[in-house]
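Q: The structure is given below, and queries will be raised subsequently.
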Amino acid sequence: MVKKAEPTKKDPASYANFTEITVTNIDLKYVVDMDERTMESEAEYELEVLQDGVQLISFDTRDCEIHSITLNGQASSWKIHPAEKKYKGENLIIETPKGMQKGQKSKLFIKFTVKSTSLALQWMTKEQTIDKKYPLMFTYNQPINARAIVPCMDTPSVKATINYEISAPNPLQVLCAAVESKEPTNDSNHPNHRIFHYRQKIPIPSYLIAFLVGHYVSAEISDRIRVWTEPSILEKARYELETTEEQLKLAESILGKFVWERNDLVVLPNSFPFGGMENPNMIFLTPSLLAGDRSLVHLVTHELVHSWSGNLVTNATWEHMWLNEGFTKYYERRILGAQFGEQRRDFSNLNGWTQNLRPVVYEQFDPEHPWTALVQDHSIEGDPISSFSMIYYEKGQAFLYTIEKILGKEELDRWFHKYLEDFSGKALNTDQWKEHFCTFFADKAELLAKIDFDAWMYGKGMPPVKPNYDDSLQVQCQIYADLWVTADEKTAETIDTTTYNHFNPHQKIEFISILRNHEKTMSKETLAIMEKRLHLETLTNVEMEYLYYLLGLKTRWEPIIDRAKSFVERCGRLKFSRPVYRELLGWERTQKETIDLFNRCRSQMHPLGVEYTMIELKKFNEN
């Protein structure tokens, strides 16, 4: 008999009393001041009482100056409690009429100012943008920074529909994680401003609230996909992202109907700290994917899959983030396999194992660290920023791949469609997932017995077993890497370069990754010869570039230092910049100049980029 699972009752990263009262809709109004870097703001919330006798509404907030609050048109009594822990921000408590009954609906109105210090916003001068003509501002809320642009129940357990009304100065464009509901109108209260109107009709968690204000133009890719960029890179981005409609159709063939109406793509400046963000209707993307050969567009596939896994069915708290990211990574690579074959899919899985998973377990954390478990407990130290890593993605993917090999693809997909049907618009925890999964496959008890759920979900370090991936493409990279890492100067001059030239871009990335992680450290002299013979000084693929800098720093090759420093100065994507910072800090020769570099660059970085990089500095100081 399958054990009955309890729904989530408390989010350790939120003050929200979401089991007592919830938010079902938010109308957001912002007036954007690009000079002062503030937003005059209003939010109207539709509330529904879930338990009898509710006497207060508990919201999360930070970086918001609250001016007034009314409940059902009447001035309400409210107070702000200071942060329990810095990362949680403050607790806004709003008193309600005594005796609010289950099922009762109410309207709450808050007038506030979003401060220039908001962690959810990056404000950029025109000099910091790609085209250097107009200032730019964009949001990034995941995991817990929606509270820094609107007081709210900032937990993925609460989902609401959203209306946006944003006033911004001409000629800037406003883009939102929603569908435009009407044409922009002139703002009679703010000269030279236009008001943009958007509607998100599908309930979403607060971390998916998103918007951008900047000088952006667009090109059509299909009748439901448009790419938005600064003018100078529009054609480059259009070419790179031209296959997105094909990817979306392939995703639909595996996952079911795409329900979000539109799926526009927005390319952000270099300071954007992540590869992408799955905002519904408006995916944010790093410019680092514009390699010129479409070799990095799997990143777009990942964000597309979130339209099902994460955006429709969501982890209840960030302790269960693998439910978002593990499933998304698994189906991203399923789509890759459908496009290019299972050999290519398994090669990508192996890349994830060697390039992403092992470094997290052995470098970012250690094999006994609790944050190397797939399912985590944040009740004591619940900061989902510090705990974030590729564990959720790669360990989760490996778990699902292992299940696939036991049950079969078709059976797993059949369950996943039922899972989407039953939990669409909802949030759940891992126990609820397991209950649903095991109930669905109750007639396959012998097969389920082969799945060690506890070892996969709660075990620390690397997964309990390594899936039996097809390694034929990786073996070619391994053999070639072994030639170089064992070569002396004379031998290095004779190694055949045609093997490298015939590698596809992903094999070239894996080749550098193997060299970087090899148990034997390449000599500086051999590295210098390899760079010249393989033309590694002119890399344009950022995935290769950062691994090559890590390799050079590992060998303590001084000519790489300035290039590595220049790289972290121009690349804000944390997947790349953070390990390079870590390696620079690990070399005594470069420690002081790296700290100086960070202090010089931090004003140009995204607030989250600063926060994550400071984790590396803190580790360095502690050691």
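Cβ from N, Cα, C; glycine included.
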Q: Of Glu325, Glu342, which one shares the Zn(2+) site with His302, His306 in TrEMBL?
A: Glu325
Q: Note the Cβ centroid of His302, His306, Glu325, the recorded Zn(2+) site, then list each other residue of that chain whose Cβ lies within 8 Å of it, in sequence.
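A: After dropping the recorded site residues, what remains is Glu278, Glu303, Val305, Ser309, Gly310, Asn324, Thr328, Lys329, Glu332, Tyr393.
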Q: For Glu325 (Zn(2+) binding site), what is the tally of other C-beta atoms lying within 10 angstroms of its C-beta?
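A: Summing over all protein chains shown, Glu325 (Zn(2+) binding site) has 24 other Cβ atoms within 10 Å.
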Q: Please count the residues of the domain 'Peptidase M1 leukotriene A4 hydrolase/aminopeptidase C-terminal' (472-615) that DSSP assigns to helix (H, G, I), strand (E, B) and coil.
A: 114 helix, 0 strand, 30 coil
Q: Averaging the per-residue pLDDT over the domain 'Peptidase M1 leukotriene A4 hydrolase/aminopeptidase C-terminal' (472-615), what integer do you get?
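A: Per the prediction, mean pLDDT sits at 95 for the domain 'Peptidase M1 leukotriene A4 hydrolase/aminopeptidase C-terminal' (472-615).
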